[in-house]
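Asks: As annotated in TrEMBL:
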ACT_SITE  ASP59  active site, proton acceptor
ACT_SITE  GLU232  active site, proton donor
SIGNAL    1-23  signal peptide
Amino acid sequence: MAKWITVVTAIVLSLVLSVSAFAAPGQSSKGNAPAEGKIQMQGDIGDFVPDEVDDPAHDPAIIRDGNQYIVFSTGILRDTEDPGGIYIRTADKSMANPWESVGEIPAPEWVKEYNPEHLWAPQVVKAQGTFYLYYAVSAFGTNNSAIGVASSKTPADPDSWEDHGPVITSSSGEVDYNAIDPHVFKDNGQWWITFGSHFSGIKLQQLSSMTEAEGEVHTLANRPGVEHNPIEAPTIYEKNGYYYLFTSWDQCCQFLDSTYKIAVGRADNVEGPYYDQDGVPLAEGGGTILLESEGNQVGPGGQDVFFDKGRDYLIHHYYDGDADGVIRMQIRQLVWENDWPQLTE
């Protein structure tokens, strides 16, 4: 009998240990444990070597499809006859695992009327089993711009995307805003798009479908009194009953001379008004700085916020001070203190 009990005990213990291995606290059965802190990025995270390597990581946006993480970014800078399409890279099971560049989504023919040299600032969402990619089309420094949209069932495949043309357009003399830097999100069953860069600031509009916008254009944030109104790249993220508006401030795209930084405010309603941590309205220049240049990471911005495995993350680009300003991407865990986002190391 004692021998039989010992055998049964051993079997039960073995089963318990087996289950624990698959369901350890903080670990998903679909992949690795959630990444923590400032992730040590590996693999193809952005690089440039003239005539050899062009691996663009500007304005990264991230999704997860099953066990695969996918980052979309601004395309390779080429010319107006052959603009660089939105770029894709992937990592399996964990954002801390090595990233691998996949290539670019071909730029559709219609974008050439806006004279872009590449497509910018993508964002991807999933609706009813289909992924939708939103991207910016413009010539640098103008508001003759458009936000385009494409769809796919297999988002990591660059050739799978079907383009649907522009969702929002802007042009000098017709509107005072700039239709670039889209961010799309769902709130209480309604899809919204926020966008904007310089000119008259950050805007918000409803989507009547995943390929059409309609209704009033709301202003969410502005920096009056600051030359060129340097605010762009909006991201709205709902957490604990608040809506957080993340934006990028100041000078982008100047490599190691960039002064880009990430600011945040929050609201009780998606349409605002948004306030910073000191109570200053974002529409009047408010904004609490979340991240600015530190160490070798110069000019962080072009951010996206991402929920995964019970945690919140910020992804952004930066200019690498240890590599002559090469553009790379970084992912960091977001934590919350008194309902305000903080970064961890």
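Heads up, the Cβ atoms here are built off N, Cα and C, so glycines get one too.
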Asks: Select the most exposed residue of ASP59, GLU232, where exposure means the fewest other Cβ atoms within 10 Å, treating these as the active-site residues.
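Replies: Taking ASP59, GLU232 as the active-site residues, the minimal 10 Å Cβ count falls on GLU232.
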Asks: Express the distance between the Cα positions of ASP59 (active site, proton acceptor) and the residue listed as 'active site, proton donor' as a whole number of Å.
Replies: 11
Asks: Going by DSSP, is the residue listed as 'active site, proton acceptor' part of a helix, a strand, or coil?
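Replies: Reduced to three states, the DSSP call for the residue listed as 'active site, proton acceptor' is coil.
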